[in-house]
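To keep things clear, I will list the structure first and then write my remarks on it.
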Amino acid sequence: MARNIVEFRNLKTYFYTEEGVVKAVNDVSFSIREGETVCVVGESGCGKSVTALSLMRLIQSPPGKIVGGEIIFDGRDILKLSDAEMRRIRGNEIGMIFQEPMTSLNPVLTIGDQLMEPLMLHKHMTKKEAWNKAIELIKQVGIPRAEQIMTSYPHELSGGMRQRIMIAMAISCDPKLLIADEPTTALDVTIQAQILDLLRRLKEEKKMALMLITHDLGIVAEMADYVVVMYAGKVIEEAPVRELFKNPKHPYTRGLLKAKPVIGRRQERLYTIPGQVPNPIDLGDFCYFSDRCEYTMDVCRKKMPPFVADENGHKVACWLYEGEWKK
Amino acid sequence: MTQFIIRRLLQSIPTLIGASIIIFLIFALAPGDYVTRQFENPKMTPERMEQLRALYGLDKPLPERYLRWAGNMLRGEMGDSLMFKKPVISVINDFIWNSFLLGVAIMFFEWLIASIIGIYSAVRQYSVFDTIATLIIFMLYSLPSFFLGLVLLKFFAVDLRWFPVGGMITTGSNYTGWAYIMDVAKHMVLPVATLTLISVGGLSRYFRANMLEVIKQDYIRTARAKGLKERTVIFKHALRNALLPLITLFTLEIPSLFAGAMITERIYNWPGIGKVVLQAIYVRDYPLFLGYTMLITVLTILANILADVLYGIADPRVRLK
């Protein structure tokens, strides 16, 4: 079995706001193996992006702060590194792509300038070498007329092209891990498919691990090896992708799968999970999904369910399954 | 580009005509004229005053006076200053460069200090430095120039005697070369300090606000995610974007280099154009005042065009094709 490239151990990232403490990431543990694609799924505000930004140590502070836990990346605890050591990891060993291609590139610098920056910084290339490598990267992400693109500014490119440039920038130093934070959410469907294809191809070529953050279960089914489901700052279920789709355990995961439209099945209305995500401020110690769950028991409102694995390595945090393994 | 500049220049003609009418009317409609101001002397008979008015052309109806003045301006003739008995051009030329010297020094220090304070305040928002800088800046910002000018004058010129009380050169001196430059520089310190301290507040707030706005942007996060040093993130990625709106501010400050500072020049007895124009207003020396005001108007219009051109060069999104 491949070695773990990243391991989140009891990560806690809190935001200290005027209304109270928001536990955006509350005791999250999971790991990503070398060359594996892990999808982190959940609705908006459940802590997916904050988990990824914690790994990059890019949490705005204040108000955000990583208050506990460890993130082991390639044998090192990210949270204990100096700023200079962290900078050598960012963009070099971990690349990151963001959701908004329209605003993620600097409007006053040329594409070439922005692409060459990490190459000259991390790979110590000369301007000439970096230029050639940047052109190669642009071709690699499937954009024609690379020389012309090099001297263009971001506003001259379409959204899809900009996201390709972001990908080129993120993979330029051959990172061991690529984080893609909802890379296709802002793009239209045909472009989405192209970008996902590109990500899959590059992942194979470069043998990178991919941490893909999304709320689209279609993307999960297509891309993931392993799935982590998050809800209100906690991991509530994780399993290999086939196992999760075949045998979802947590009522929330089941709800998500039920809410997904299926081709060929006519429905008046799509299923929705009743209720909404709880206000994340000062949550107590109980199952956060208990308000919306159709199987809620007394214990759900009183105690946090433990996160336990079954014999197939399928982990879930739900009182419904507690006791099953105790037998 | 050339076409754009030509178009803007042509468009500024109506603006200039409108401005000249307003300036002329305001000055002409103000009570009193050169004759009443100059010869406030009980022995002056009304007949003699009428004679003098006819001599200066002040007896004609307003439209005729305007057209004559505007016609002369078009031919590049600003007329003679009534007060100096010299062509307005040469009066302005005598004094404007002294003001320009002050203006350039003020602008240099103002932008230097404001950028340092503004950027540092933004990067360390709500830090002790930011809080104290904000407090001091607002205090200075709200002081009138005549007050701050007099306070500095009292402490540094009268009590401590570090700097001269006024003027541009030491009276009776005939320094040349380096000694002359040092003498002028010494006289400049207090007026430059007064106006810099007052103007640095507003500008540093612009710097701070723009930097704060830019630092929040997604592309700054991208720059950090690339592993760039914080210095590169701030000065290459953030500052270039934060400076864009300031280009306009900078260019529009250019006319003020020539405009002089009426009150401060008066306090420090600096032989600048501001002080002279203030006097011209008192004695209703309309050719000098109108000539000066039109000059500043033209400079302002040109600065506006320059601002647009520079913005286009700096921001690729509005660059003219």
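Residue numbers in this text run from 1 along the chain shown.
Just so it is clear, glycine is given a Cβ too, placed from its N, Cα and C backbone atoms.
Unlike curated entries, TrEMBL annotations are predicted automatically.
Here is what TrEMBL says about this protein:
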type	residues	note
DOMAIN	B:96-307	domain 'ABC transmembrane type-1'
TRANSMEM	B:12-30	transmembrane segment
TRANSMEM	B:95-120	transmembrane segment
TRANSMEM	B:132-157	transmembrane segment
TRANSMEM	B:188-207	transmembrane segment
TRANSMEM	B:242-263	transmembrane segment
TRANSMEM	B:289-314	transmembrane segment
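Spatially, the transmembrane segment (B:289-314) is adjacent to the transmembrane segment (B:12-30); three or more Cβ-Cβ distances between them are under 8 Å for residues at least 6 apart in sequence. Taking every recorded stretch in B:12-30, B:95-120, B:188-207 and counting its Cβ pairs under 8 Å to the transmembrane segment (B:242-263), the highest total belongs to B:95-120. Nonlocal intrachain contacts for the transmembrane segment (B:12-30), taken as residues 6+ away from its ends with a CB within less than 8 angstroms of a stretch CB, comprise 62, 65-66, 69-70, 73, 284, 286, 289-290, 293-294, 297-298, 301, 305.
Counting only same-chain residues 6+ beyond the ends of the transmembrane segment (B:95-120), those with a CB under 8 A from a CB of the stretch are 129-130, 133, 137, 168, 184, 188, 191-192, 195-196, 199-200, 203-208, 210-211, 234, 239, 250, 253, 256-261, 265, 270-276.
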